[in-house]
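The structure appears below as structure tokens.
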């Protein structure tokens, strides 16, 4: 099923380039540069901004300001009217101005189609202050806007509410439009609240206009005074006041956020584009917390594990035999190892005491094994002359799975094969 996009660029099917070819091509229509915010395509945010401004102007000067007493109505007309007129002028000016770079406005023909950017020939659209699409030299802070299809001098951002880029030529008109909108909304909210409260507290204060002398009853109100008085009910007046208050509060929050942000940018001497680039390049503190710490060296690991890991004792299942291992890896020792040690020690009629010789391997594990042998009565005088030496530097057997647990049977085999001059046994047959 084919997905249709009404807002995308439509492709037209043309004849093959070669007369002999049978396959047609999909060719996109040429792309032209936009002059200002009134150039097509228009954005939906433009109409939303126009509708909100028109609604607030109508309810302010058609409903609420005429209901004020004579001294206050003149002040409201002057203050709110000045803010609304200033906003309208600056808004329209920011939309109408062409913010393109001076060389673009001098040399570029907006009616000619834009060339296609080839990233195999040029790494960036603007290379060495030369725009490959506009085909002109631009200023250092100029950026090529993909929506307007041209280079903008002192580029700040592309505003959807203006449908135009905000650059060096129209930035202060944009800033004035935002500031005047904030001032106008701040003046409008107290006016709406005053009318809403006085409607219940003292309606006579709002009915001082001469046209109210012909109206009977407090349930009927007049709007669009004094030019075209229209009667309406109290419910309609209150509903419009409630909608106006909510819309004004929402607009005030958004506009104040935008105004404070641009005041901060002006204090830092940067543009919106530069602020976004810095944010992208700065490291994220959350990512720093997720990075695991670097592992210490092997020696430090062995020492820390000696202090932190308690020794595992296999003495519980073996009443007269004990073995102690200090392991590098964490976790309990499996029971088959203790059983294997029991079989190996029982085969040679040996028993371990609490005295042990320690064998250390750099970067690996630390193992404690006893070296005092318990022999029969006839062999004890010979064994008393035996001198037991530590096995410093002897190779040991390591588990092929990467664990630091040592096979006890193989250790006994090394003791039997490598030190026959020290230890001598007679294996008794049953």
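Placement of Cβ uses the backbone N, Cα and C atoms for every residue, glycine included.
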Based on Swiss-Prot, are residue 74 and residue 210 on matching sides of the membrane? yes
From the ranges 214-234, 235-255, 256-276, 277-297, pick the one that Swiss-Prot records as transmembrane segment. 235-255
From the ranges 14-34, 77-97, pick the one that Swiss-Prot records as transmembrane segment. 77-97
Select from 177-197, 303-323, 324-344, 345-365 the stretch of residues annotated by Swiss-Prot as transmembrane segment. 177-197
On average, residues of the topological domain 'Cytoplasmic' (1-46) score a pLDDT of 63
Positions on the same chain near the topological domain 'Lumenal' (68-76), where near means CB under 8 A and six or more residues out: 187, 191, 194, 205-206, 208
When you measure from the Cβ of residue 159 (active site, S-palmitoyl cysteine intermediate), which residues in the chain that are at least 6 apart have a Cβ under 8 Å away? 94, 165, 166, 174
Taking DSSP helix as H, G and I and strand as E and B, the topological domain 'Lumenal' (198-234) has 14 helix, 8 strand, 15 coil
Kindly report the helix/strand/coil residue split of the topological domain 'Lumenal' (68-76) according to DSSP, in that order. 7 helix, 0 strand, 2 coil
